[in-house]
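Engineer: Starting off with a structure, shown below.
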Amino acid sequence: MATIKDVAKLASVSTTTVSHVINKTRFVAEATQKRVWEAVEELNYAPSAVARSLKCNTTRTIGMLVTQSFNPFFAEMMHGVENYCYKQGYTLFMCNTEGDLDKQKHYLRMLAEKRVDGLLVMCSDLNEQLLAQLEKNTELPMVIMDWGPDSPHTDKIIDNSEEGGYLATKHLIENGHTKIGCVTGQLDKATCKERIHGFYRALSEANLTSNPDWIFEGDFECSSASKSVEKMLQMEDKPTALFCFNDIMALAAISKIQQTGLRVPEDISIIGYDNIELSAYFSPPLTTIHQPKRRVGKTAVEILLERIKDKHHERRIFEMHPEVVTRKSVHKL
């Protein structure tokens with residue numbers, strides 16, 4: 001099995017230079033990098049992660065707990081995380097918890113055993129029990145992303161869901177809608193509480209009220225939006241516009257409405273939330289609330305790497321500011 005000395009000899013460089021090239025820890029001339037990587041490939045060299053971690057007290061790995069990796073919103077944010085980790089020479093261990101407490105505990109224990117250098121947490125389902133377990137790991141640098149609970153011991157990214165809910169509802173009101181319903185996520189989740197608070201704030205500012213029958217509790221999945229729309233269409237007094245708390249529910253709502261022969265936006269207007277890539281290509285293209293997902297992913301890693309370098313760094317809070325992306329799914333009355 002090839003060693004770092006073999007690579008250095010073949011590339012005509014020092015072992016220190018080989019280490020810097022492989023770990024991306026210092027600038028090395030492009031021509032030198034090319035020789036090193038050619039030697040690595042020719043010798044099929046794989047550095048020992050165990051030896052490196054013992055020598056440097058670092059594994060160059062980051063763990064990530066995420067609720068649902070298959071949801072487009074999470075997938076796009078994770079792309080930003082993974083891409084920036086790779087550029088910085090870190091390997092990402094992504095753990096899809098699916099909201100299961102036992103899986104969350106198992107993955108957290110596994111990541112601790114792997115001696116990851118830091119942890120990103122993007123779980124809406126963090127309960128007090130798991131949060132307490134996270135806070136026991138005071139030596140582990142950690143960034144709470146998106147919907148996670150607040151903690152004085154971790155850096156945090158805030159998505160300003162209340163502001164987003166307000167902007168979405170205000171946009172519908174500005175287009176003449178006074179009969180507005182919404183398809184929410186689980187109402188016990190912090191992000192849903194914030195978005196519906198923004199929804200009611202916009203209505204209140206316009207001296208409007210919402211029929212409680214027009215508030216449909218979903219779960220951020222397509223099937224819940226489809227069932228909600230089915231209930232809505234059976235009502236005699238229907239809203240003229242729906243605010244869906246994420247884009248995939250909005251797209252499901254549009255599909256269900258169109259299957260009944262009604263038109264979006266001529267008969268019912270729809271606004272979504274997240275601005276996933278697919279939303280621009282649906283029919284009609286979806287008006288939605290934009291969140292800079294890939295940039296947030298990159299920022300989360302930047303904050304975490306700062307924390308890894310300096311565990312006593314002042315706590316950082318990064319705020320996202322949502323904005324309306326106007327397309328074709330909202331009709332002006």
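Residue 1 is the first one shown; counting continues down the chain.
In case you wondered, yes, glycine gets a Cβ from its N, Cα and C as well.
Grabbed the feature section from Swiss-Prot, which reads as follows:
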- 2-56: domain 'HTH lacI-type' (DOMAIN)
- 4-23: DNA-binding region (DNA_BIND)
- 48-56: DNA-binding region (DNA_BIND)
- Phe73, Lys189, Thr191, Phe220, Asp274: hypoxanthine binding site (BINDING)
Engineer: Any idea what the model's mean pLDDT is for the DNA-binding region (48-56)?
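Structural biologist: Residues in the DNA-binding region (48-56) carry a mean pLDDT of 57 in this prediction.
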Engineer: If the hypoxanthine binders are Phe73, Lys189, Thr191, Phe220, Asp274 per the record, what's the largest distance between their Cα atoms, in Å?
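Structural biologist: Spelled out: the longest distance between any two Cα atoms in Phe73, Lys189, Thr191, Phe220, Asp274 is 17 Å.
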Engineer: Return the count of C-beta atoms lying within 10 angstroms of the C-beta of Phe220 (hypoxanthine binding site), excluding that atom itself.
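Structural biologist: By my count, 26.
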Engineer: Which site among Phe73, Lys189, Thr191, Asp274 has the most other CB atoms no more than 10 Å from its CB, taking these as binding-site residues?
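Structural biologist: Of the binding-site residues Phe73, Lys189, Thr191, Asp274, the highest Cβ count within 10 Å belongs to Asp274.
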Engineer: When the domain 'HTH lacI-type' (2-56) is classified with DSSP, how many of its residues are helical, how many are strand and how many are coil?
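Structural biologist: Looking at the domain 'HTH lacI-type' (2-56) with DSSP, the answer is 39 helix, 0 strand, 16 coil.
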